[in-house]
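A.B. asks: Next up is a structure, given as structure tokens.
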Amino acid sequence: MGPRIGGISLAIKDPRWVGAWWLGFLIAAGAVALAAIPYFLFPKEMSKEKRELQFRRKVLAVTDSPARKGKDSPSKQSPGESTKKQDGLVQIAPNLTVIRFIKVFPRVLLQTLRHPIFLLVVLSQVCLSSMAAGMATFLPKFLERQFSITASYANLLIGCLSFPSVIVGIVVGGVLVKRLHLGPVGCGALCLLGMLLCLFFSLPLFFIGCSSHQIAGITHQTSAHPGLELFPSCMEACSCPSDGFNPVCDPSTRVEYITPCHAGCSSRVVRDALDKSQVFYTNCSCVAEGNPVLAGSCDSTCSHLVVPFLLLVSLGSALACLTHTPSFMLILRGVKKEDKTLAVGIQFMFLRILAWMPSPVIHGSAIDTTCVHWALSCGRRAVCRYYNNDLLRNRFIGLQFFFKTGSVICFALVLAVLRQQDKEARTKESRSSPAVEQQLLVSGPGKKPEDSRV
């Protein structure tokens, strides 16, 4: 039996039902607090890193000694060696102040963004993160509106299907990289293959969904008289409030009314059952044949499609997450050793700025354009009561498809650049091989060339 609040019986499926939405946040916050306890047990400095830093300081002291300076004067050093030495000094300097870091950061940022592999992989991850941000923010609401299910059931399905598939995708991607010993070209091919399959399994999502049911005065007119306003004229004498919302459903015709007043009902009957109570409204002048209407929105005729829909979403998420480990390896292998730490920081900075911040706004704006009836508060739009389900599905899935297509294009360019670089490296190696062989012949069988490394 639904609880009675202010004399109104509310059930879980009632659109006005809120529930204990804060309880999940308390449980999640408690779990995070427990998981953070081991971090307080770490030492102030890791012993291995401390020994390594002391060793680097000794090496730096030796290289900067007066005897060393006299032996290797700046005039004898090549520009490349001096540049490498300066870069090394920047990396191992233990007392780099914030002001010095701010001065160095723009130069290092531009230098990192000049790497085409790094830039393309980060742009691809921005597309994937935009897709993930939109799904994480609006997928529960989309399932609730599209398939007429409760918010708790939608979140339960997402937690049982989508999140485990993401974990499986990340783990499988890492296993494939390790087992197959994938190089940069192999990682790029794996990323492209995963995103192409993800894009392929996203196509059926455009056709799995429910159309909007008939709503009196919004999507279905109960009278054919011209000049009608938002609601039919049969309830004009009732003086129904324009901002009221207490939906009722006519089970015989599957027509929904915003309030019992808009259905022209004058009586209310509560029928108690073993497990729940049902509220009916009778004497409804706007309902065909004066049938009683049931409190609550009309149930969807295709609620059973929510599981196949979410299975396809979960499969696409797993295939997209296959790219997590190989794309990260491409970033680490695509930049210099001394720039890897900063490159990872720049990567996450772009993901936050270009994906996780604007993506929910873009998805929310697209969803708002599919609203067909807004609730007003102080003359302004407050909350959307009804959506055009077909338009909602096409625009929400269309945005997801757009970001996936962008990721596919970026990974295709990454693979093309990697193959071009691999081809150039092989050409350079083949050109240098005859010179090495000629040097071996001139030096004789008993002599080794001074430098035979390519």
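Cβ from N, Cα, C; glycine included.
Bear in mind that TrEMBL entries carry predicted annotations, made automatically and left uncurated.
Annotation comment: TrEMBL describes 228-288 as domain 'Kazal-like'. Annotation source TrEMBL lists region 'Disordered' at 64-87, 424-454. Annotation source TrEMBL lists transmembrane segment at 20-42, 117-139, 151-177, 189-209, 305-332, 353-376, 396-418.
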A.B. asks: For the domain 'Kazal-like' (228-288), would you mind checking the mean pLDDT of the predicted model?
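C.D. replies: Across the domain 'Kazal-like' (228-288), the average pLDDT comes out at 76.
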A.B. asks: In the same chain, which residue numbers or ranges, 6 or more beyond the ends of the transmembrane segment (20-42), come under 8 angstroms Cβ to Cβ?
C.D. replies: none
A.B. asks: Between the stretches 151-177, 189-209, 353-376, which wins on the count of C-beta pairs under 8 angstroms to the transmembrane segment (305-332)?
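C.D. replies: Comparing 151-177, 189-209, 353-376 against the transmembrane segment (305-332), the winner is 151-177.
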